[in-house]
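Quick notes on the structure that follows.
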Amino acid sequence: TMPKVTTKQVLAVNAPTKLSTTTTSNKKKPYDRSNGGSGNSEDQRHFGPLFNKNLGQHILKNPLVAQTIVDKAEIKPSDIVLEVGPGTGNLTVKILKQAKRVVAVEADVRLAAELTKRVLQNDDNEVVDTKKLEIINGDVIKLAKLPYFDCCISNTPYQISSPLVFKLLFNNSNENGGFRCAVLMFQREFALRLVARPPNDQLYCRLSATVQLYAKVTHVLKISKNNFKPPPKVESSVVKLVPIHPRPQIKFEEWDGLLRICFNRKNKFIRNNFLNKKVLDIMYKNYLTYKSLTNNTGGSGNDNDNSMDQDVVMDVSGIKEIVETVLKNLNYEQARANKLDIDDFLKLLNEFHKHGIHFS
């Protein structure tokens, strides 16, 4: 069995490599979605001493699949690769052969030690420069700032699938226009939601529209659960994200606020969602806030906002009239969220802005 390894021991073993460490308290394990159990139940035996079920650890054991994933990233010799959840290093050793440097973020200190030992001892009989590997021991979602990277590869713990996608898309580490691509493994259903498109895909949702606003998303590979140790309960898929440059000039909170309303009942008419009393009340409060801010600054702050009369105090019924007008102008009275694409939502948001209606 693996001895208990501390973060300091990881650093000592990998002395040739400059390591960063972000330690996580043992009192609250990252990615832990259990009901407070200790993790020592009988079915934990199937994971062996090295795998922590609570961390969503499923090690990819098929070398051909691992190589295919790395190939999809199209790594350049000058690339710095961010790997999230390297585990025992089945992907890492293949990435190291192609990249300039690998920054691996691992939440489990035991696996971080195992990866370090594997590379230093050259267990794979590969010619690998150990100085090319940097290990950060910690929760990638809790990192204040991601390290610089050109592309990201991840056998993602399924519990952090959505947070990781948004962490990457909105990371503030790359000053030269962002990363080139991310090749990420997810639970099959989550992956299919990322790539779903209207009007006929039943999995199309708020997540689909938002991610596709900021990145081109493609499904590149299906992976059977038998390719993992221990095997998960579900099948997996690999997707590739290529960020859209330049980034859309849109406030995320505005976009997200609009889509939360539209997709509240995605199969119903969006008109019904907007005319819900609670939604109208929220829109009215936002209207008053925005009106107050623009009055204080002496302008609307939006060149398209040319129809809001600053001298008129509108009530909720006025918001309802604006909703009807906006939907009629766009011929969206019978539109459903699951049939609208990104351009449709952008038109809708812009039309609301013209009437002084905001969603954040």
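Using N, Cα and C of the backbone, Cβ positions are placed for all residues, glycine too.
What TrEMBL records for 1-48 is region 'Disordered'.
Taken from TrEMBL, the feature S-adenosyl-L-methionine binding site applies to His58, Leu60, Gly85, Glu106, Asp139, Asn155. Look at Leu60 (S-adenosyl-L-methionine binding site): DSSP puts it in a strand.
Among the features that TrEMBL reports, domain 'Ribosomal RNA adenine methylase transferase N-terminal' is placed at 65-245.
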Which same-chain residues, if any, lie at least 6 apart from Asn155 (S-adenosyl-L-methionine binding site) yet have Cβ under 8 Å of it: His58, Ile59, Leu60, Gly85, Pro86, Gly87, Leu91, Met185
For Glu106 (S-adenosyl-L-methionine binding site), the number of other Cβ atoms found within 10 Å of its own Cβ: 28
Cβ atoms near His58 (S-adenosyl-L-methionine binding site) (within 10 Å, other residues, all chains): 24
Diameter of the S-adenosyl-L-methionine binding set by C-alpha atoms, the set being His58, Leu60, Gly85, Glu106, Asp139, Asn155, in angstrom: 20
Gly85 (S-adenosyl-L-methionine binding site): secondary structure state under DSSP, collapsed to three categories: coil
Confidence summary for the domain 'Ribosomal RNA adenine methylase transferase N-terminal' (65-245), mean pLDDT rounded: 92
